[in-house]
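Features as listed in TrEMBL:
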BINDING   156, 157, 184, 185, 186, 187, 240, 269, 272, 294, 324, 352  pyridoxal 5'-phosphate binding site
MOD_RES   295  N6-(pyridoxal phosphate)lysine
Ligand SMILES: *Cc1c(COP(=O)(O)O)cnc(C)c1O
Ligand SMILES: *[C@@H]1O[C@H](CO)[C@@H](O)[C@H](O)[C@H]1NC(C)=O
């Protein structure tokens, strides 16, 4: 029988976990149903989640992070939930959890500051003057870039501006920037101001792309068609890698190719993509990219951000603004005011970087270095697929039961078009659902106008988290309906 052969290694009754790897089945539905058949329980049983956790080879990475206890979250209602349990942390898309090593690294640098003060710039395990350079190889691996193509510096919006100053050179014929209609506000404002800075009119020069009426996500074919039709007047195509609101993962390779074929520069804001999905910025030939590190990269609020410029531009694209950190390290401190500009993105560095931001980012990148984005993504497909499966199981909109609350996922159902986040909308007020979830120890977030964003993060979330979430969601919806 199929199940015996596949799940039990051909010997009925004997269990070989090595042979049964649930992470390689073709779809999450198939996996869940196979596991439930093996265990002789319902696919919705918590036993399925426990089994998947037991076979999750990345499970130990959760131990590298501090998971808040429910009682410590200011929004929990301890009359409804056991406060001693760990919360269900599904908001790593907004602020990643604290890596346990962050405190130690920070302590080391505070200690160094106390003991040797200015000598810390060049001494110790983490000399401040080039501390960020020492973790750029780990960063580069995560975005699929060469180390020289990556710089850790500033904040995300600052980096976006610095890159746009060099890549957006509008002319009368080619002055437009193509972006999503509902790009993240900071990106939208950055683009508006870049266009104004060049003396153009955002009304004329911003090309905003909306989904088709009645649809939540953009279709790749529509994006490519606009590029094909309007490309001659587009200077820069600036998309997010993963859309913060819908969770849609864009086909960055196809967008890059289409844009460049029409002579546009193509850049991505990878804030929601980095550490979430596999990126190959170098191989895709992306011109430039930027990202923050406090979301899936767990560097702490306001952490050091990243920037990428493809090596093909290393001698042609120059920074518009200069600072001493763009000067070659070897002669930087000769202070002779003869600039030896570093090639590529390194020349875009302006200031020395805050060591106190390097420490937590280092702690997190070292955890990423214990696995690969490929393995994280493989787990992610199953983890988010499992959540999707359970939501479909319980909440498919049933026209014969118009009063039963339903949950609608606006994120694309195709796993190749999404990362770990699912964005939920509800038939009951979403703010209310959010409150009821928070009371019960779920950390997620809501975004106007109408969604809750739920992000099971493969680095530290478990299948049991997903299962607990589904039970909690039922309780939250029941509380909403009974009021
Ligand atoms: C999180 C996020 C930002 C935030 O910008 P900061 O400069 O880090 O404050 C900007 N853009 C996108 C797409 C984001 O997801
Ligand atoms: C990253 O991982 C590689 C291989 O697993 C290892 O050799 C290297 O020392 C690690 N680097 C850091 C900084 O942890």
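Quick reminder: no glycine exception, Cβ is built from N, Cα and C everywhere.
Since this is a predicted model, take the numbers as computed values, not measurements.
The number of other Cβ atoms within 10 Å of the Cβ belonging to residue 324 (pyridoxal 5'-phosphate binding site), over all protein chains shown, comes to 14. A gap of 15 Å separates the Cα atoms of residue 186 (pyridoxal 5'-phosphate binding site) and residue 295 (N6-(pyridoxal phosphate)lysine). Note: the CA-CA distance between residue 272 (pyridoxal 5'-phosphate binding site) and residue 295 (N6-(pyridoxal phosphate)lysine) rounds to 7 Å. The candidate set comprises the binding-site residues 186, 240. Of these, 240 has the most other Cβ atoms within 10 Å. Binding residues for pyridoxal 5'-phosphate (156, 157, 184, 185, 186, 187, 240, 269, 272, 294, 324, 352) extend across at most 31 Å, taking the greatest CA-CA distance. In three-state terms derived from DSSP, residue 295 (N6-(pyridoxal phosphate)lysine) belongs to neither a helical nor a strand segment and is classed as coil. Distances between the Cα of the residue listed as 'N6-(pyridoxal phosphate)lysine' and those of the binding-site residues 156, 184, 240, 324 are shortest for 156. Taking Cβ-Cβ distances under 8 Å and a sequence separation of 6 or more, the neighbours of residue 156 (pyridoxal 5'-phosphate binding site) in its chain are 186, 269, 271, 290, 291, 292, 305. Taking a C-beta cut-off of under 8 angstroms and a sequence separation of 6 or more, residue 184 (pyridoxal 5'-phosphate binding site) has the following same-chain neighbours: 240, 244, 269, 271.
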